[in-house]
Structures are given as structure tokens and as C-alpha cells.
């Protein structure tokens, strides 16, 4: 983490940042964030279990409220409740910003949250990440955007690595501490009044953790925002720098106040801290039920409740009078069209830089199909004994590339996590992403189709060239439908491996019931229902018809074990060609799926309808998972403090 410490030396109380942000957002005006009687309840088989028991707290702009507690104390539950994160159970309480109830719109326009995971675009640099984020959510002039980005990069200490790619497990890039600071930089673009951070030091060593927390304190003062964060065992120096400290245990408050009043308070109730001890560690040890007598923990919690006299932030009326309510950040947000074009440009760049989603698949499509083209190279001779081989080459050209779509599930899962963060923090609308994603998919599916069929199919196997465009369109439509299914499974499950497994089950079912391995009439109910919504079945029938219908095959000979001809002239070895229509009719006697009837339009329509079904399902899931929040219900009632 040496670059973290190096970066920390560049963290500045940047007056330029304060000037840039304050020029339009008036950050010098104070904001007050408060929450009272916050409870979190989950349903169990025995009824309801309360996880948070009436938590109160407040923080003003320019301050840092640090939430501490042992594992299982309720720190993350509290952050999730305050940020209206979608979880099981119900949140209760009164949460306000400047005296106004915290709603989804108020949160989106005035708050930002950071989870424990840094969901960035691995193949973008720090500056590019901020450039695209600014284009999405800030409608200032280009000069103002550049000034804002430069000031933020300077403030968070990322100037030295501004042109370094973020990186991931496969690409070397930023360190853990630098990624944390990049997350902060992106959050600052939206000028939040309140910034929520869940374990900002998670995964960092002691030096990097101290650097991040010291930076947060400086950031709050430099930009005059309120910061609410959870933290695990801060150092003494970092702890003493907190403005307000909340200590949780078993979902209850053991202490809320300034860091300088912690030790006098615990000494007053009979727990004097030994010399040369970290106050944070001492507090955590006192309320940790796993290593401390539970009766002592309960006594500490009860004593705080009895001594509680109310929040030190005044009343809601005072908040409104002092701050004037929640401001409207008019310089934030762009039109849907502007957001769509920005996302289109960003994802277009990522298509070329990130090989996972499209480039790698294109290479695999090409290699796999060339392999099968070599295996079935004799099918190009159009002999009677190669009719079925030619058909199986088509089957493999459809089956193998669609199976490789499983990698898209993993990529879309990571993409969804990044988009969810951006949407929640008010950077863009869900529709903008969905529309831009749909636009960029269309040419890419055609590109993948070209890679799959051009070299091996038309170059090596001598497929019927006049129908190249029709085959390519049907093939691309099939890939698009499977891509839509991959998108659905990528966000249906939190774990992408489960989504990949479900996708492979869909693919296996499609291959098994495509009309080749098992006749449709032999499939028992309810499995037969799947044959009617089988993408592969309809695509295969259309492509086989396009390949065979207008092509010709060599006439039958006495040595041929199979003869796909219905006329005597072509069965006598006279050298006459067998029309593809006759071959299709003969194939239909073995495979009921095929016939000389032109059903290409119907088959393509079926693929389109199934694909649209998956796409609409994906739209619904994406919208609900990114827009729905866990609204905070009214307080259950007065709670004795």
C-alpha cells in the first residue's frame, strides 16, 4: 500500500475544490442530517425479530459521524436503513435532511453512498471515470467540468495516477486505497450534502486505513459536507479526529457524543480506561458480548438509555429555520438523450478495451466454428452422404457460440453493480442505460454473427452465399435473444455463478429439444411446452431452410447409403443436381422439424418474440432493482430513553 501513503501526502484541504463546488451549490450553508427512533425488523417463522432498537443520531455539515461496534452490532444494518437500501425486513423511524423527510428523490439529489465494494469500470482511467461521470450528472460547461474534475483529483490525491486504469483481478491498476478515494471522487461530483460510507477502510492495512479516515475528516471540512461512516477499530489519532462517535452493541446505542467526551463518560459509569490504550479498542471490548460478560454489556446499554436527554442538534423546526430546507441542485442532471449518448460513448470505449464481453467471445466464436469447419470439411462437396453432416455443421455453429454466452452473465452482473450505484447516487436514469445498452448490442450481435459464420461457414463449408445476409440476420437475432436471457440471469441472482448455471440449463434445454436429438412429438408434457419457446429450435429451422432451399446437391450414386431425392431422374446417377427443396422434404422424413415450406419469417418472429420477452423481463428487473428503495416507515411509537 505504499502508493496509498504516497497518495495521502497529496490529499489537500483544497480551497479550489471548495470554490468550484461552492460556486453553484452554496456548500458553505450548513446542512443537518438527523435520525430518530430508527428500527429494523425482519420476519421470521416465529414472528418478527427487531435488529435495530430505536437508534438516534445526528450530524452537521463539516462533521464526521463514526459508527463503531463489534461484529453483529448493527452498523451495516443502520447504514442500509439510512440509505434506504433494498433488504428484507422493514425500516421504521424519522430521518430528515434539513428538517425535511428523507425520500428517494431527496436522497438522490442531495446524498451519496459508498458500499464496501468499489464498483468501477476496470478499463477506464481515473480521469476517464470522472469525465464520464461528470458528463452524466453535471450540466455545467466543459470548462467548469474540467475545473471540477481537476480540483477533485487534487483533493483526493489521485493526480499522480489520474491516467492509470482502475484495474481488476486480471488487470493491474489502482491499489485498494486509491480505489476507495476514486469512489469518493465520483461521489463528490454530485455535490452531496451527506455522504454515507460503509466500512471505507475494509480490506486496507493500518496505514492505508488511517490515511483514508484522516482524509475524510479533511474532506468534510474542505467541502462542508456531512459524513456518516462505519469503521472497524480506528487508531487513536483517527478516533480523536472524529466529531461525533456512535457506539453500537446488539442493535442498541451504548454511547453517542463527541470523541473527547467518550472516556469521561465511561469513567463516570465505572469503566476507566487503562493507560496507553486505544480508546476505540477499549470501547469495543466493553460492549462485545463474545468476550465480555453479557450482563456488563446490558448494564452499559441500560445506563446510556437512562442518561439520554435528546439529540444535541436542536429541533426539526430549527433545522428548517437554520438551513432553509433542502436545496434544489439545478446544475445537476442532464436530459435522457444526453445521458444515453454519454453511456453509449463510454460503453463503446469499453467494448474495445475490455475483452471479456465481446472481443473474447468473437475470438472464441471464430476458433470454435473453424474447428467444426475442419471436422466437417467434406460437407462442402455437397454429396448425398454429406447432407446430414452439413446439417450437423449448422447445429454446431448455432449450439456452441450460444453456450459461450454464459460469460456475459458474469460481465453483466459486475456492470449492474456499477450502474446501480450510479443510479442510486443520482447520476443517471435507468432508462438511459437500458436504451444505450440496447443500441450498442445490435451492431455487436451482427459482429459476433459475422465472426461465427463467415470464415467457417461460407469460406470453408461453401454455404449458399446468396442467402448470407438472411442467415446473418437470423443468427444475430438468435444471439440477441440469448444475450437478453443472460442479462436477466445476471441480475436475478446476487451470485453470478448461480446465474451462469441457470443460463447453461437454458442452453442445454434448448440444445436437447431443438428437434434434432429428440422429436418434438416424443417430448412429454410439461417439457414439451419448452419446445415452443426454444430460441435454438426456431433459429435452427430458419437457417437450415435458408441453407438448403435454393442450393443444389450432387445426384445419388449406387454407393450412397442415403439418397435425399424424390425424383427418378436424380436417383439414376445421370449427373443431374438434386434441388435443395427435395433434400428438405427427404430430411423431413427423419427430422419432423424440416420441410420445404418457407417458415423463415415466422421462425425469425418467434425468436424476436422470445427475445423481447427476456428483454422486457430484464427491463423490469433492472428498473425495480435500481429505483425501488426501502422507504422508511413512520416511527412505531415513543420509546423510553
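Quick reminder: no glycine exception, Cβ is built from N, Cα and C everywhere.
TrEMBL assigns the feature transmembrane segment to one of the listed ranges (315-333, 334-352, 467-485, 524-542), namely 467-485. Annotated range for transmembrane segment in TrEMBL, selecting from 249-271, 272-294, 433-455: 433-455. Annotated by TrEMBL as transmembrane segment, the relevant range among 497-518, 563-584 is 497-518. Per TrEMBL, the listed range annotated as transmembrane segment is 391-412 (candidates: 215-236, 391-412). Three or more CB pairs closer than 8 A are found between the transmembrane segment (600-623) and the transmembrane segment (467-485), so contact between the two stretches is assigned (pairs 6 or more residues apart).
With a threshold of 8 Å between CB atoms, the same-chain residues lying at least 6 positions outside the transmembrane segment (497-518) that come near it are 391, 395, 399, 402-403, 405-406, 409-410, 413, 482, 485-486, 489-491, 527, 530-531, 534-537, 540-541, 591-593. Distant neighbours of the transmembrane segment (358-379): 351-352, 386, 389-390, 392-393, 396-397, 400-401, 404-405, 407-408, 444, 447-448, 451-453, 455-457, 459-461; these residues of the same chain sit at least 6 beyond its ends, with a Cβ under 8 Å from one of its Cβ atoms.
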